[in-house]
Amino acid sequence: MTENADLTSVLDRAAQGGRITAEEALELYRHAPLHALGRAADAVRRRRYAGTEHIATYIIERNINYTNACVTACKFCAFYAPPKSDKVWTRDLDDILRRCAETVELGGTQVMFQGGHHPDYGVEYYEEHFSAIKKAFPQLVIHSLGASEVEHMSRISGVTPEEAIERIHAAGLDSFAGAGAELLPERARNAIAPLKESGERWLEIMEIAHRLGVESTSTMLMGTGETNAERIEHLRMIRDVQDRTGGFRAFIPYTYQPQNNVLKGRTQATLFEYLRLIAVARLFLDNVAHIQGSWLTVGKDVGQLSLHYGADDLGSVMLEENVVSSAGAKHRSNLTELLHLIRAAGRVPAQRSTTYEHLLVNDDPANDPADDRVVSHLSSTALAGGTAHPELKLIDAG
Ligand code: SF4
């Protein structure tokens, strides 16, 4: 059999829902024709969502950044400041609760509590903040943090990750956002985040969380110089854990942004590489329900295309974002535009919950929500010229 015939047969098997090996996934990633790869991934998506395959989902959420102080100094990060730097800031609880109130007012359903590894913030800090948020806004889902934060807060408080997870879950954390995965294979991870826990440890902690009943999403940072084999190895590491726990709800790859960080943009993932990864992820991760296209880092047009390469979700209207936008992500959108992008890609938009239930199917443009305040505000605090009010008041109290 020729090499091409082999590739075609692997692609056919994957499109029909058969499991493929990591080696086969790498072959597809390297050599399968782009459109054929997209068609196969789309076939898998359609079968998985038969009956609702015409729908693509989105969520309305807000990232709440509580501090930029961080001891971990990742080389791709443009958000953090060393703890003793005069650039360090922290948000007090009142400020955080005001941001939550605005999220609720604007129809948001989820907050992502996101910040640096502050040298003093242990489990107690998160318990206090999550319980205050839940007390004031029980309807808000706290989908936040990841294994890196758990590892850090456990160390600060001198407890096990199990205890840290149980305590913050009891305080109000609903699910982990899966931050800090970056790249899980050892060489690629050490090259960009040498002070972070290993990829194996990241997965070990997520596995503990899943076993304790706290589900998560999983992420991947593309474009910092990792090899194709390392990209596929990242997927393999996630799939192996998922075979045991089933706790990853979604896989969300996004691309490295080149500004204001140590890596200086010397390497970047191309948009073709991103689309190929979305497609191979849909084919290879046969045990992960959702694949998210990330218009925020790759742009709206590539986000639309991702819906034809296996993605069933187009991310969010992020009412506030300061992390990837500090590194140069400038693709800003609003609810009206996001609905349009999904429709123009041939899908019916549906607002979803954190657990991917459809909250509102936007099947008639005449009934679209018309609140022009539901806009993504980027780099609103971390850089001069951010798009929100410097005090981040999204809603004019006057
Ligand atoms: S990515 Fe997170 S852990 Fe790494 S330096 Fe930035 S804030 Fe710190």
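Glycine is treated like the rest: Cβ placed from N, Cα and C.
These come from TrEMBL:
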- 56-287: domain 'Radical SAM core' (DOMAIN)
- CYS70, CYS74, CYS77: [4Fe-4S] cluster binding site (BINDING)
- PHE76, GLU182: S-adenosyl-L-methionine binding site (BINDING)
- SER294, SER316: (3R)-3-methyl-D-ornithine binding site (BINDING)
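SER316 ((3R)-3-methyl-D-ornithine binding site) sits 20 Å from GLU182 (S-adenosyl-L-methionine binding site), taking the C-alpha atoms as the reference points. Of PHE76, GLU182, SER294, all annotated as binding-site residues, the residue with the shortest Cα distance to CYS70 ([4Fe-4S] cluster binding site) is PHE76.
Sequence-ordered, the extra residues of this chain that approach the [4Fe-4S] cluster site, with Cβ no more than 8 Å from the Cβ center of CYS70, CYS74, CYS77, are THR72, ALA73, PHE76, PHE79, TYR80, GLY116, HIS117, ALA193. Neighbour density for SER294 ((3R)-3-methyl-D-ornithine binding site): within 10 A of its CB lie 26 other CB atoms from the protein chains shown. Between the CA atoms of SER294 ((3R)-3-methyl-D-ornithine binding site) and CYS77 ([4Fe-4S] cluster binding site) there is a gap of 18 Å. Close contacts with ligand 1, defined as a Cβ under 6 Å from any of its atoms, occur at CYS70, CYS74, CYS77 among the binding-site residues CYS70, CYS74, CYS77, GLU182, SER294, SER316. Within 10 Å of the C-beta atom of CYS74 ([4Fe-4S] cluster binding site) sit 25 other C-beta atoms, taking all shown protein chains into account.
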